[in-house]
Amino acid sequence: MSKWIRGLPRAAARLGDGITWMLLAIPFVALVLETPWRHFRLAYGDWDAVAVSLGLSCLSMAIVVALGTRVALWLATTRSRMARVAEVLVLVALMTPPLAMGILLASAYGPVGTFGSLLSRAGILLGNNAPAFVLSQVYGGLPYFILAARAAFEAVPPVLPRAASTLGATPWRVFRHVTLPLARGGLTTGLVIAWVRVIGEFGIVMIFAYFPQGIPVKLYVNLQNDGLGAVYALLWLLLAVALPLPIVVLMRARRSHRRTAGEDDTVY
C-alpha cells in the first residue's frame, strides 16, 4: 500500500505531462485531419494577403529591431528613475489588449486624432494604408522584443564591457564584439517572439489598418464569408510563413549554445 502511495506523485506527473502534450498537439492533429485536401486551394486575394504580410512584416521587424535594441540596452545598463518610468511604459504597451491598442492608435494617429490631424496637415495620412499596417505591427511586436532584449543584455557580466572600454575600445566596438555576442541567445528569443507577434497581428490591424489585408485579417474575412472550410489553405500558408524562421533561428541558436558549452567544458 505504501509503495503504491509513493508511486502516486510520479504517476500524477506523467499524467500531467501527457495532458500537456495532448493539449499542444490536438489542434494541429485536427488541422491535418479536417483539411479538405481534395479541394485544397486558395481563395481570391489570398496571395495578395501573403505578399502584404511578408513584405510589410519584414519592414516592421527591421523597425522593431532598430528601435528596440537601443532601448533595451539603455534599460539594461541604466538605473535612473527615467529608465524605470520607461520600463513601466513598455509594460503598459505589452499588457494593453490588441483591440484596445487598435482603438488607441486610431484615436491618436487617425485623420481626426490627436496627432493624426497634425500629420494630415502635412499630407501624411495614417489609417487603412500600408504605413498604418506597419505601425500596427510595430506596436504589437516592439514591447516583446524590448523586454526579451533587455533580459539578454542584463545577463551579460558588466565587467566584460567595462574591461573592453578600459582597453580603449569604442562604445560601438564594445557593443559589437563583446555585448552583442554574449547576448545573442536572448536576442534570438526576442526576435522570434516579435516575429510571430508581428506577422500574426490581428487585433490592432483590424481596427487601425484593415486595408491592405494581411493573412490574419484575410483569414477572418474568408471565415465570415465562406465558412470554416474556406480558410484551411490560407491557414496552412500562414503557418508555413510564420513558423520556419523561428524554428531555424532557434535551432541555430541552440546549436551555437551547445558548441560554446562544449568549448567551455574542453577548457575546464
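Using N, Cα and C of the backbone, Cβ positions are placed for all residues, glycine too.
If you look up TrEMBL, you'll see 50-249 marked as domain 'ABC transmembrane type-1'. Residues or ranges marked as transmembrane segment by TrEMBL: 12-33, 53-76, 88-110, 130-153, 191-211, 231-251.
Beyond the ends of the transmembrane segment (88-110), by six or more residues, the same chain brings 71, 75, 116, 119, 126-127, 132, 135-136, 139-140, 142-144, 146-147, 201-208 to within a C-beta distance below 8 angstroms of the stretch. Each of 12-33, 130-153, 191-211, 231-251 was scored by its Cβ pairs under 8 Å to the transmembrane segment (53-76), and the highest score goes to 130-153.
Note on the transmembrane segment (12-33): residues 232, 235-236 of its chain, located 6 or more positions outside it, place their CB under 8 angstroms from a CB of the stretch. Below 8 angstroms of C-beta separation, residues 53-54, 57, 60-61, 64-65, 68, 97-99, 101-103, 105-106, 109-110, 126-129, 132-133, 135-142, 144-145, 148, 217, 220, 238, 241-242, 245-246, 249-250 of the same chain, each at least six residues beyond the ends of the transmembrane segment (191-211), sit close to that stretch.
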